[in-house]
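Feature list (source: TrEMBL):
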- 9-202: domain 'Thymidylate kinase-like' (DOMAIN)
- G11, I12, D13, G14, A15, G16, K17, S18: ATP binding site (BINDING)
Amino acid sequence: MTTGLFISFEGIDGAGKSSHIEALAQAFRDQGRVVTLTREPGGTPLAEKLRTLMLHDAMDPLTEALIAFAARRDHLVQVIEPALARGEVVICDRFTDATFAYQGAGRGFDLGQLAALERMVQTGTAPQPHLLREPDLTLWFDLPAAVAAERLATARVPDRFEAQPGEFFARVARGYADRAQAAPARFARIDANASRHAVWQQVVQAMVRKGWLAIMVGTKTADTREQA
Ligand SMILES: Nc1ncnc2c1ncn2[C@@H]1O[C@H](COP(=O)(O)OP(=O)(O)OP(=O)(O)O)[C@@H](O)[C@H]1O
Ligand SMILES: Cc1cn([C@H]2C[C@H](O)[C@@H](COP(=O)(O)O)O2)c(=O)[nH]c1=O
């Protein structure tokens with residue numbers, strides 16, 4: 001049976017992840033893989049309700065972190081683990097690195113306590129009882145906070161996070177950089193300050209380096225898919 005793959009996309013709001021997530025899912029489907037495309041917070045009916053609370057209701061950092069991990073536990077048990085057990089490719093728009101970056105670096109919540117919650121929530125869900133479930137690869141869209149703010153300025157009505165000031169996103173961006181430095185084998189840095197086409201090429205290269213996608217001659221880019 002094919003081994004499941006768990007890939008997360010990360011980066012500050014407006015880094016440009018969404019433009020490439022569906023394109024990557026399609027690239028895997030084109031090579032015969034079944035893909036579960038999901039997101040955090042969210043991905044199950046319960047976790048989507050928690051997402052609405054987290055993105056729109058005022059709360060303190062501990063409540064925010066607990067909601068993020070409660071939603072994650074339900075998502076892991078109901079969706080991610082079963083899909084990996086079936087040998088699927090799970091592509092998740094954000095996972096635990098977002099909690100370390102936003103609630104940890106952004107809000108200032110204690111990183112040691114987040115690590116304890118991470119262990120509690122992400123252990124015991126996989127067939128291997130002591131495995132801490134983490135993505136096999138995290139695509140980190142690295143973009144300066146000022147550029148992301150320019151991109152988002154006209155894009156949409158901001159939620160509780162998108163409405164935060166530039167300094168918040170500068171801290172979140174540093175939080176991601178710290179996570180990537182601590183686990184370089186798991187992270188692929190994507191220079192997101194580039195054209196959509198150049199960013200897509202980096203995404204494909206990261207997959208090819210892992211041996212998960214063959215070099216795809218004539219594969220549609222995120223750009224050409226949008227135009228189709
Ligand atoms: N390479 C790029 N160059 C310029 N603008 C871009 C690029 N990629 C995406 N954008 C634009 O930037 C905005 C944010 O992109 P997108 O929604 O994909 O980001 P995101 O990382 O998914 O954000 P969020 O996590 O907040 O949902 C959109 O208006 C999108 O059209
Ligand atoms: C998983 C997770 C997410 N967040 C924040 C990050 C974003 O601002 C929103 C999600 O919105 P998106 O448009 O789907 O990217 O939630 C967080 O603060 N902590 C988390 O653990």
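Any Cβ shown, glycine's included, is placed from N, Cα and C.
Here the features listed in TrEMBL are placed on the structure.
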residue: G11; record: ATP binding site; Cβ contacts under 8 Å, 6 or more apart: K17, W140, F141, D142, L143, Y176, I190, A192
residue: I12; record: ATP binding site; Cβ contacts under 8 Å, 6 or more apart: A101, L143, A145, A148, F169, V172, A173, Y176
residue: D13; record: ATP binding site; Cβ contacts under 8 Å, 6 or more apart: A148, L152, F161, E162, F169
residue: G14; record: ATP binding site; Cβ contacts under 8 Å, 6 or more apart: L143, A148, A149, R151, L152, A155, E162
residue: A15; record: ATP binding site; Cβ contacts under 8 Å, 6 or more apart: F141, D142, L143, A148, A192
residue: G16; record: ATP binding site; Cβ contacts under 8 Å, 6 or more apart: F141, L143, R151, A192, R196, V199
residue: S18; record: ATP binding site; Cβ contacts under 8 Å, 6 or more apart: D93
Where the criterion is a Cβ under 6 Å from an atom of ligand 2, which of the binding-site residues D13, A15, S18 meet it?
D13
Out of I12, D13, S18, which binding-site residues lie by ligand 1, with a C-beta less than 6 Å from some atom of it?
D13, S18
Predicted model, mean pLDDT over the domain 'Thymidylate kinase-like' (9-202):
96
What number of additional C-beta atoms lies within 10 angstroms of the C-beta atom of K17 (ATP binding site)?
24
Env. residues of ATP site, Cβ within 8 Å of mean position of G11, I12, D13, G14, A15, G16, K17, S18 Cβ:
F141, L143, A148, A192
